[in-house]
Amino acid sequence: SKPLISHIPNNRSVCLSVCLSLSCLGVLPDIEQYFGINDGKSGLLQTVFICSYMVLAPVFGYLGDRYNRKVIMSVGIGFWSVVTLASSYMPREYFWLLLLTRGLVGVGEASYSTIAPTIIADLYIKERRTQMLSVFYFAIPVGSGLGYIVGSKVDDMAGDWHWALRVTPALGLVAVVLLLFVVKEPKRGAIEARPEHTLQRTSWLGDMKALCRNPSFVLSTFGFTAVAFVTGSLALWAPAFLFRAAVFTGERPPCIKGPCDTSDSLYFGIITVVSGILGVASGAEVSRRLRLRTPKADPLVCALGLLLSAPFLYLAIVFAQASPTATYVFIFLGETFLSMNWAIVADILLYVVVPTRRATAEAFQIVLSHLLGDAGSPYLIGLVSDSLKQTDSYLWQFRSLQLSLLTCTFVAVGGGAFFLATALFIEKDRQRASEPYTGQCPQSLPWGIGIFF
């Protein structure tokens, strides 16, 4: 196993560098002031990016099941680096160009997120795979948190938010070099009971039919959609919400002329890093221990994480104007429980789907979870906030956003329900994925989910 372990840090560096594209969200008040945009248009920064990422994911999923995966990821991340750098040079009269570059960033995101987990799946099996996926998925909260930290600190040091987007592309280029010269391309399913050469391939349509008739995959995808909805909303709006709360209570002056105060982005970034590490690690460990008692451990832990995150996120939103300290504590607890899902959801997909369909399954999960999740949630939150705003006072700038963010707590509860439903089918679907494969799609399920899709 020693040679295989060396691959993981390199995959992690890829995810970490791409997640740092969130540095632009760490300076959102500056961007709003620079371009003179409202909450609805601010939400488009995240929505356009996610929509592009979502549309391109099936393309990279198809390619990842058939061609050299590390080359595909390298090209995508290299393109991401160039576009991210270009986005820092957009003049204030052309906000639509910033939106365009944000959309093009989705190319890099789609290229690695659909493929990298399948490489790890071909290097490890069973409990070892869960551990390595946990290491990989540390990069999501850690990279996101560092995006806020780097963005806010670079903005403070340079006195210009544009530089927050000029630092991170270099990390993407480092990741490309590591991918090309260090990572080796493993054979699909090589260390499993059924390696790639023993599996029959089906058409893309056949793959999709099989996936849609896999209840564990579909239900866990809907559960993960709730995670995407909440994390997408928090990623864009949490620092801005905390800043508006401080302005409303008089603790901080409003942002009339840049650079704006980015301390909330810094604190939120630190919370995201720490809570992400604790959440991913604790989720994997709780799941490992619970597997000794029940084979339904993975979806039950995912459900527990979402159901526990909901009340803490609610308290964080409600207490924002009363106690900043309590708000940060509740955000930390809510994000910790929310992060318990990342590695486990990926592991569920990998053991209920045969090796030759995994990249396609990753792509399908990305499309559905982002289509109904964080592709629209930032824009939806901003749109609801604008509609609730009765005046343009500091009171209503804060209050309208506070009320719209409460939506996240109810979505989290719904996601927990989907994972509880996943637990009903997980044993049967895992067994089916490990049985000899004939190339035929499974029969339609009595509950009709295959017909629905």
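The backbone N, Cα and C atoms fix where each Cβ goes, and this holds for glycine too.
All annotation found in TrEMBL is predicted automatically rather than curated by experts.
According to TrEMBL:
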type     : residues : note
DOMAIN   : 1-432    : domain 'Major facilitator superfamily (MFS) profile'
TRANSMEM : 45-64    : transmembrane segment
TRANSMEM : 71-89    : transmembrane segment
TRANSMEM : 95-120   : transmembrane segment
TRANSMEM : 132-151  : transmembrane segment
TRANSMEM : 163-183  : transmembrane segment
TRANSMEM : 217-246  : transmembrane segment
TRANSMEM : 266-287  : transmembrane segment
TRANSMEM : 299-322  : transmembrane segment
TRANSMEM : 328-354  : transmembrane segment
TRANSMEM : 366-384  : transmembrane segment
TRANSMEM : 404-426  : transmembrane segment
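Comparison of 71-89, 266-287, 366-384 by number of C-beta pairs under 8 angstroms to the transmembrane segment (45-64) places 366-384 first. Here the transmembrane segment (266-287) sits against the transmembrane segment (328-354); at least 3 CB pairs are under 8 Å, leaving out pairs fewer than 6 apart in sequence.
Only residues 6 or more beyond the boundaries of the transmembrane segment (328-354), in the same chain, are considered here, and those with a CB under 8 A from a CB of the stretch are 117-118, 121, 129-130, 133-134, 136-137, 140-141, 189, 194, 199, 211, 214, 216-217, 220, 223-224, 227, 230-231, 234, 238, 267-268, 271-272, 274-276, 278-280, 282-284, 286-287, 298-299, 301-302, 304-306, 308-310, 312-313, 315-316, 319, 361-362, 365, 412, 422, 426, 429-430, 432-434, 437. The average pLDDT computed for the domain 'Major facilitator superfamily (MFS) profile' (1-432) is 79. When Cβ distances are compared across the two stretches, the transmembrane segment (366-384) makes no contact with the transmembrane segment (163-183), since fewer than 3 pairs at least 6 residues apart fall below 8 angstroms. Here the transmembrane segment (217-246) has Cβ contacts under 8 Å with residues 22, 25-26, 28-29, 32, 42-43, 45-46, 50, 144, 148, 211, 252, 255, 260-262, 264-265, 267-268, 299, 302-303, 306, 309, 313, 317, 320-321, 324, 327, 331, 335, 338, 341, 345, 348-349, 352-353, 361, 364-365, 368-370, 372-375, 377-378, 381-382, 394, 397-398, 401-402, 405, 407-408, 411-412, 414-416, 418-419, 421-422, 425, 429, 449, 453 of the same chain, all six or more residues outside its ends. Between the transmembrane segment (163-183) and the stretches 71-89, 95-120, 299-322, the greatest number of Cβ pairs separated by less than 8 Å involves 71-89.
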